[in-house]
Amino acid sequence: MAPGRSFRLPVWEIISRCMLCMAGLVLSGYAFYVETSKEADHSYTAMCDVSESVSCSKVFTSRFGRGFGLVELILGADSPLNLPNSLFGLAFYIMQLSLGVLPGMSVSIVLLATSVLSCLGCVYLAYILYFILQDACIVCISTYVINTLLLIVNIKRLLIQGTAILKKRQ
Ligand SMILES: C/C(=C\C[C@@]12O[C@]1(C)C(=O)c1ccccc1C2=O)CCC[C@H](C)CCC[C@H](C)CCCC(C)C
């Protein structure tokens, strides 16, 4: 048997990954829509703009809304990499979804590594949201929950694969 093909993916893993990534894609897509609408028309009010302190468009159009506020510092505001955070989110969920259906140990490692990275990104964004912008962005908080659940799925996947390899060796 080819090494990558020796383990079938559990159904619960495929289903939960699909649901989490779909939800992530919808939220990131919506965040991108709100940001571009708000930038084109400042009087635009999004569905997630509930009040002064519960506003998502305020967060998306803040200086932390593009390139995590970091690209600007390193490469400058006009860098082509200074994209809305939501586009990094879209790329991340597309990658988790398309790689996630492939079996294999190296795939599991890449999935877990990028998932850990995304959770570090979420801790950073949550810090900015709570302490600097002092805003309750519902869309943002939902993506933190999704990324945490996705991390659990990716940890479980690697653990299952590891024990399967050990059993085979016996
Ligand atoms: C929509 C989203 C998060 C919401 C939000 O980012 C938004 C929209 C934002 O503008 C913002 C502003 C200020 C404070 C908080 C926020 C956010 O909360 C998704 C992130 C997901 C995650 C943090 C992506 C991390 C990607 C990794 C770096 C891995 C990259 C790998 C791929 C590119 C292949």
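Note that Cβ sites are derived from N, Cα and C of the backbone, with glycine treated the same way.
No curator has checked TrEMBL annotations; they are predicted automatically.
Residues annotated as domain 'Vitamin K epoxide reductase' in TrEMBL: 10-158. In the predicted structure, the domain 'Vitamin K epoxide reductase' (10-158) carries a mean pLDDT of 96.
Positions annotated as transmembrane segment by TrEMBL: 12-33 (among others). Nonlocal intrachain contacts for the transmembrane segment (12-33), taken as residues 6+ away from its ends with a CB within less than 8 angstroms of a stretch CB, comprise 48, 56, 60, 84-87, 89-90, 92-94, 96-97, 100-101, 139-140, 142-143, 146-147, 149-150, 153, 156-157.
According to TrEMBL, the transmembrane segment annotation covers 83-102 (among others).
The transmembrane segment annotation in TrEMBL covers 109-130 (among others).
As annotated by TrEMBL, transmembrane segment applies to 136-159 (among others).
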